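> Can you keep this structure in mind? I'll have questions shortly.
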Amino acid sequence: MASQSPQPQGFTEPISLVGPTPADLESTARLESLLREEGLYESAEETVAREEVLRDLRGVVDRWVKRLTRQRGYPDGMADQATALVLPFGSYRLGVHARGSDVDALVVGPSYVDRDRDFFGALAAALAETAAVTELQPVPGAHVPVIKMRFHGVQVDLVYAGVCLPLVPGDLDLSDRSVLRGLDLATARSLNGVRVADEILRLVPDAAAFRTTLRCVKHWAKARGVYSNVAGFLGGVGWAILVARVCQLYPNASPSMLLPRFFRVFARWKWPSPVMLRAIEHDDGELGLSLPVWDPRRNPRDKTHLMPIVTPAYPCMNSGYNVSHATLRVITEQLALGDAVCQEIVKSGGGGGGGGGGWGKLFQSFNFFDAYKNYLQVDVTVTGGEEDDLREWKGWVESRLRQLSARVEADTSGMLLCHLHPQAYAAEHHHEPRRRTSSFFVGLSKPPPPPQQQKQQQLFDLRATTEGFKEEVYMYDYWRPGMEVAVAHVRRKDLPSYVLRQLRSPCRHDQLKRKRADDDPSSPPAASDHSASSSSSSTSSRNAKRAAAAPGRIRSSFEKKT
């Protein structure tokens, strides 16, 4: 399938121009009421606090640019005029941010400001000295280089783009493609956060209906465990493009009409046919940009992408690039379940039921730890470091977890299926206070046997698979002694107690305990007890980095490596 040249399905006429009936509007009102009850709208106080974060952040950035301008020897008049834009993007720019949402912000600076030296150097240092900033974590090696931090307690992800202008005007039009002239790909990616959000809003027929529907889909995706770009599912941009496409197909529909149609369309979508909101555009030398554009007609590698969801701003990219065979399977399964639930809701009168019925049934959480009897437990540990060190190391390991799922399915020829849970669980070290651990889990299952074929007991030896994964993880450029990762097979009945305590509700805790008691201890595991190494075992593949691990303060990512 993935080797075939995908055919666009993004430029058809609308499927239906039918608008809402009074019953549809009433159903939409119930849907919006449920979203408010679930905390998916900010309070007025939270909105003010978020605006204060952006205002104070702009002040820090403005002082940083002016100081750099003077240090570069530019005239005082130019230094007084020098500034950098701080523009929110992501859910905030789309207007779908919820309580406690992160703030994604883009800094647009002048040509003489260098990203590596000035943004990750001087600005990061200035932020470190700002009282309002905590949990500062520069990540220059990310796909989109970013500074992560909390500003007045609000999580902020800050990216940088320097444009080819000596002074950045306050009314700079980022939608003009000429702003990309002379920029490298990393800078173009940073700018595209704002450009893509603006283009999505421009291309949907009804922004209000789009926003409400997107809030619903994001809420559903998080509840069902399929909202995480880093884990190989879809992030905010991917889900936003899918919702925007359905809005284009049903331009007059209300959210209560759009939501069932969203699941109906994408539960039946023939991947890897790409989802696009507009035609793919190339520069072809007009402005001399020459930036790579997702287009399987020109780039054979793009034909291998499994779930192309194409961003609408030049240079268009596949926002579903991280999707693997394993995560695509989980996404499509959940879309099919969502479609079935929506059809029941529509038949019963459009979400009028209370409690677990009505629209609430759509947003019920996926019980990951009820779904499987066998798991891979991935423990990410830091010894002798701080919370910032664990956050950094955990972020790196999390970005590689989708490779673990791919390795397991490939090495077992598809006879063992993986479902990565995107949430991490904090472990407890009562007797080792200097150790900090977070655990991820991968559900393991076997595909159903063909008709008339009996289910056979089969064990899998995953030692080589998990060792290969760990070797890849330990290639981290900023690895320091004290950073460890361990992979072990665990049955549901043996899940760590801290996982039970961190599940969402007491009733879920009791349900899982009953499930564990019901598990047959004699039933064969999906992977043998020795198929993956435990955290206490020593393995022959530990490289020199791992052998050097010893308790003690972990150096910062940006201290010189010896």
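Glycine too: its Cβ is placed from the backbone N, Cα and C atoms.
Automatic, uncurated: that is what TrEMBL annotation is.
Straight from TrEMBL, here's the annotation block:
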{"type": "REGION", "residues": "1-23", "note": "region 'Disordered'"}
{"type": "COMPBIAS", "residues": "1-10", "note": "compositional bias 'Polar residues'"}
{"type": "DOMAIN", "residues": "10-204", "note": "domain 'Poly(A) polymerase nucleotidyltransferase'"}
{"type": "BINDING", "residues": "Phe89, Gly90, Ser91, Asp102, Val103, Asp104, Asp157, Lys218, Tyr227, Gly236, Val237", "note": "ATP binding site"}
{"type": "BINDING", "residues": "Asp102, Asp104", "note": "Mg(2+) 1 binding site"}
{"type": "BINDING", "residues": "Asp102, Asp104, Asp157", "note": "Mg(2+) 2 binding site"}
{"type": "DOMAIN", "residues": "210-348", "note": "domain 'Poly(A) polymerase central'"}
{"type": "DOMAIN", "residues": "367-434", "note": "domain 'Poly(A) polymerase RNA-binding'"}
{"type": "REGION", "residues": "427-459", "note": "region 'Disordered'"}
{"type": "REGION", "residues": "506-562", "note": "region 'Disordered'"}
> Which residue counts does DSSP give the domain 'Poly(A) polymerase RNA-binding' (367-434) for helix, strand and coil?
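For the domain 'Poly(A) polymerase RNA-binding' (367-434), the helix, strand and coil counts are 29 helix, 20 strand, 19 coil.
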> Relative to the Cβ position of Asp104 (Mg(2+) 1 binding site), how many further Cβ atoms are located within 10 Å?
24
> Given the binding-site residues Val103, Val237, which one is most crowded in terms of C-beta atoms within 10 angstroms?
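Of the binding-site residues Val103, Val237, the most buried by Cβ count within 10 Å is Val237.
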> Of these binding-site residues, Asp102, Asp157, which scores lowest on Cβ atoms within 10 Å?
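Each of the binding-site residues Asp102, Asp157 was scored by Cβ atoms within 10 Å; lowest is Asp102.
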> According to DSSP, how is the domain 'Poly(A) polymerase central' (210-348) divided among helix, strand and coil residues?
69 helix, 6 strand, 64 coil
> When you average the Cβ positions of Asp102, Asp104, Asp157 for the Mg(2+) 2 site, which other residues in that chain have a Cβ within 8 Å of that mean position?
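Going along the sequence, the neighbours come out as Gly90, Val103, Ala105, Lys148, Gln155, Val156, Leu158.
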> Roughly how many Å lie between the Cα atoms of Phe89 (ATP binding site) and Asp104 (Mg(2+) 1 binding site), rounded to a whole value?
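Cα of Phe89 (ATP binding site) to Cα of Asp104 (Mg(2+) 1 binding site) measures 5 Å after rounding.
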> Starting from Asp104 (Mg(2+) 1 binding site), work out which of the binding-site residues listed here (Ser91, Asp157, Tyr227, Val237) have their Cα within 10 Å, and give them in sequence order.
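Within 10 Å of Asp104 (Mg(2+) 1 binding site): Ser91, Asp157.
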> Which whole-number value in Å describes the distance between the Cα atoms of Asp157 (ATP binding site) and Asp102 (Mg(2+) 1 binding site)?
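That comes out at 7 Å between the alpha carbons.
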> Here are some binding-site residues: Phe89, Tyr227. Which one has the most Cβ atoms within 10 Å of its Cβ?
Phe89
> Show which residues of the chain containing Ser91 (ATP binding site), separated from it by at least 6 in sequence, have their CB under 8 Å from its CB.
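Set apart from Ser91 (ATP binding site) by at least 6 residues yet with Cβ under 8 Å, we have His97, Ala98, Ser101, Asp102, Asp104, Lys218, Gly236.
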> Quick one: mean pLDDT on the domain 'Poly(A) polymerase RNA-binding' (367-434)?
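Summing pLDDT over the domain 'Poly(A) polymerase RNA-binding' (367-434) and dividing by its length gives 91.
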